[in-house]
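One structure below.
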């Protein structure tokens, strides 16, 4: 890809003196109206049906539009604003449904008995069956997004506030759309502005993250926490009194702007009304009533304390603002990313790379795919961490006792994390093919890793086989012993124990640290509630339901965790092989010249199919799907069995055999979705069937070759010609790569929607 050279006279200018180019691409509607306008070939219009597939494949592949890195970067930057606009429209729709069609007020008044609903189905051909009685005189579809719980945490107390948010989000969407057009067509940043890494880090860390977190802390402190205190007191049956008036219902509560009145807020949090004098005199203890470190869960709501959440965002915002200023920008002080990387040398014994990290700064700064790969890997990992925190540290009021929401958010964040991590492998592969120049990376760490790729992949392959045979072998052994009537010879907590001693040790050191200074790192003892209850803590019950409880680990957990390890390692093996062998291999030394995606190395070279970096991503998606299916099945059964008390604690003895998973999890828990007809959850029965069909439909694309279909099309076209209705656009069978793309998409969508229906019908069906 070419890099646009600086314009004449600009080389000596500082980036921030003239960061944009005015009117680089005037809007040309005649051009934009033409599908495929970026390509001379596609813009001529379709001659065969392959045209529509190429249009989809290349529409967002900005690299191939012009080959100019600056132009591609501007398109990415502009597209970010478009993405934000879509997000704001989506948020607006959620707020609007909450304002007009939901039972938010009814749920807010009685969150332990009323179920959240935000949509009512019209009676056209009997769909009113789907409207369940959710309580508080409301019939509608039960939702499990956690959005009501989040709104309560924000401090939203009525539908008028939701409507204001809906309007505000639409306005923000319009602003974002305008910004996207403006920063591409009217004032587009120059390449030097995008490459000013230290300034970018400064603004992103201190500005977006730091000030964003600080602003949110302000909302939590002034609106969220006081509202939560009033609502919690109502729910606990001991309402607060403000100005001599008992706040017994939501209707009695002060308006949000009134909470900023020191006279009113001082009756909820005296420290909040004490003014800024305490801040500047460093008497910060005066603020300890609304900036707390209580730990544990609020016993009324089963969620983190809002005052703890406020404290967290304040502290994080301050840290990010300080951290964002450690890079060298205008004043010649601070860190230079290039200097840091260039000075990092490889270990001379373990990892001898004479040139260390030299060249990495330029590669990361110039390759958008390399940046995206790193960001996707990190964001995917963060998403998986979020999924675990949703049950271990429930952030929103009453969310912990809404079991379908807990399971739904866990599943959602696991899928998102998995897709992002596979995306990281995809864009790392593209970076290697399109952006990596071997001549610039001689004897640095990237070069050394590529030279050691055979050792890395063969060892990783050995690890995968070891984990796969041993972990699956434990299950096969147990199934065999149970079939032969020899329970004493099974791996279980009551026979041959395989206790997860390291995981149990981690749990115990967390619990034993309470009352000591072991983990806190200070002389002050760790308070009793500073740790999640899942670490050998105590049970918290809200409204007669378990919100959180200790999660015991045993032989069954060790066995399934080794299945997780096996599947994660295989997914990584496929992705890593796709990256390390993206440019060349012993089989195809000139792979880089074939590009990121190609079906085979041309006719006449057998055995060279499915070797492109794209094909590795294709295969990794299946392993990612299987891996996460087992993860979410494990979580669902474990929580129902050992925490929520829904299956009588059968996980430890039933999940140690393959038959147990099939009989006591899949079959037993599918009873709700299979018998859902005639009930409000009947749409999940239909979805279960339909999603199975979509999944099965994928096999048609994955198992058959294009020749079969082209042969069929030829005879169908012949029949059309006979009838004088032949199409002007010539039918073409999908290419090998297109068929795989359509196949894996239907496989994933069908599988995910099947699981969606299975989980929802199960927990909604149990009530």
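Note that Cβ sites are derived from N, Cα and C of the backbone, with glycine treated the same way.
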#### Entry: From 201-225, 226-250, 251-275, the residue range that Swiss-Prot assigns the feature transmembrane segment
201-225
### Swiss-Prot annotation of transmembrane segment - which of the ranges 114-137, 138-161, 162-185, 282-305 it falls on
162-185
### Cα proximity to residue 700 (divinyl chlorophyll a binding site), best match among binding-site residues 600, 692, 709
709
### Message
Under 8 Å between C-beta atoms and at least six apart in sequence, can you list the same-chain neighbours of residue 609 ([4Fe-4S] cluster binding site), or say none if there are none?
### Response
599, 600, 615, 736
### Summary
Relative to the transmembrane segment (616-637), the stretch among 309-327, 368-391, 407-433, 455-477, 681-703 with the most Cβ pairs under 8 Å is 407-433
### Message
Taking 10 A as the limit, how many CB atoms besides its own sit near the CB of residue 709 (phylloquinone binding site)?
### Response
17
#### Entry: Cβ contacts of residue 708 (divinyl chlorophyll a binding site) (under 8 Å, same chain, 6 or more positions away)
733
#### Entry: Among the ranges 162-185, 407-433, 558-576, the one whose Cβ pairs under 8 Å to the transmembrane segment (741-761) are most numerous
407-433
### Tertiary contacts of the transmembrane segment (558-576) (same chain, 6+ residues out, Cβ under 8 Å)
421-422, 424-425, 428, 456-457, 460-461, 463-464, 467-468, 470-472, 474-475, 491, 498-500, 503, 616-617, 619-620, 623-624, 626-627, 630-631, 634, 655-656
### Summary
Candidates 600, 700 (binding-site residues); min other-Cβ count within 10 Å returns 700
